[in-house]
Amino acid sequence: MYVRHLGLRDFRSWACVDLELHPGRTVFVGPNGYGKTNLIEALWYSTTLGSHRVSADLPLIRVGTDRAVISTIVVNDGRECAVDLEIATGRVNKARLNRSSVRSTRDVVGVLRAVLFAPEDLGLVRGDPADRRRYLDDLAIVRRPAIAAVRAEYERVLRQRTALLKSVPGARYRGDRGVFDTLEVWDSRLAEHGAELVAARIDLVNQLAPEVKKAYQLLAPESRSASIGYRASMDVTGPSEQSDIDRQLLAARLLAALAARRDAELERGVCLVGPHRDDLILRLGDQPAKGFASHGEAWSLAVALRLAAYQLLRVDGGEPVLLLDDVFAELDVMRRRALATAAESAEQVLVTAAVLEDIPAGWDARRVHIDVRADDTGSMSVVLP
């Protein structure tokens, strides 16, 4: 798989650009702040419908405009597929597949399969649980695009249920008991969609675990052994150890956990149980990586998580596109060499670098130089001829 064309309109610092890309390695070179990462971000958005840098879409739209467009042509086994994504201010985002409108942007997920390595990856080890949950969900969505709808529906139900919890004090004051009947309805829906999301994550962690261990050993052979596990906000004993996860059992346990925390939730006005409270646990030896891993160990573990994702996608069938955003600058010589070796099998590798010295020695790659120009509308990124 490779991206043959990337077109941007009013995306971040890019007013207008059309890039013809090729299989093999391409390096986007330019000083920091010139817009290199925005190219990688656009491709990652096309992969997961989300940015790896911000949680909202608004910052992706160029200042002074009301919409951004990302256009890609992806080649997979000789077959071309065109995707256009429109990110809009104040209205629903739109998508087209092979120039035809689709019902939801989620319908284009899976066309581009990519793995992203970025400086933000250190947050997978040292950051909040939300960073690790997003890692799992993004990978699950790339492998099984239907998970995007599951997550979206879970988040919708979670918002509705949280709003209802916050309204309970007022309902009690008015003597309105119907709010509790409504809460039970939302409990059932949260348990249904939450169980499906948790099942997908547990299944993914079970497959990732041996790959993370192998990748970390390659990157840090002198360090302790790496391991991962899934920590849920409810009892998942049994299902987490099974290859065929019982979603009905998970839903029943989630429903029971919601009932057990009902009083605390009503008091605080927040949902205390569900996949939005879960975490991916990372360990080195018998210690949690967060707080105990050195800087080098943390980077090795972060890269190992991405390499494990890459390996799973390869096993699924087809080489995913590798997106390397300034990551070589963050790694020492040994880790650079290990990552470069792993990238050799990819059909396409797209890399950003502030200076060419950040690229591993001996890497044969096309070079695309990025600059910044100014006009009446402000500064914008451009590709140098």
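Heads up, the Cβ atoms here are built off N, Cα and C, so glycines get one too.
Note: Thr37 (ATP binding site) has non-local neighbours Arg53, Ala118, Asp325, Asp326, Thr352, i.e. same-chain residues 6+ apart with C-beta under 8 A of its own C-beta. What Swiss-Prot lists as ATP binding site is Gly30, Pro31, Asn32, Gly33, Tyr34, Gly35, Lys36, Thr37.
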Self-check item: Long-range Cβ environment of Tyr34 (ATP binding site), under 8 Å and at least 6 residues apart
Solution: Ser13, Ile370, Asp371, Val372, Ser381
Exercise. List the residues of the same chain that sit at least 6 positions away from Asn32 (ATP binding site) in sequence and have their Cβ under 8 Å from its Cβ, in sequence order, or write 'none'.
Key: Ala354
Exercise. Counting Cβ neighbours within 10 Å across all chains shown, tell me which of the binding-site residues Gly30, Gly33, Gly35 comes out on top.
Key: Gly35
Practice problem: For each of the binding-site residues (Pro31, Lys36), count the other CB atoms lying within 10 A of its CB, then report the residue with the highest count. | Solution: Lys36
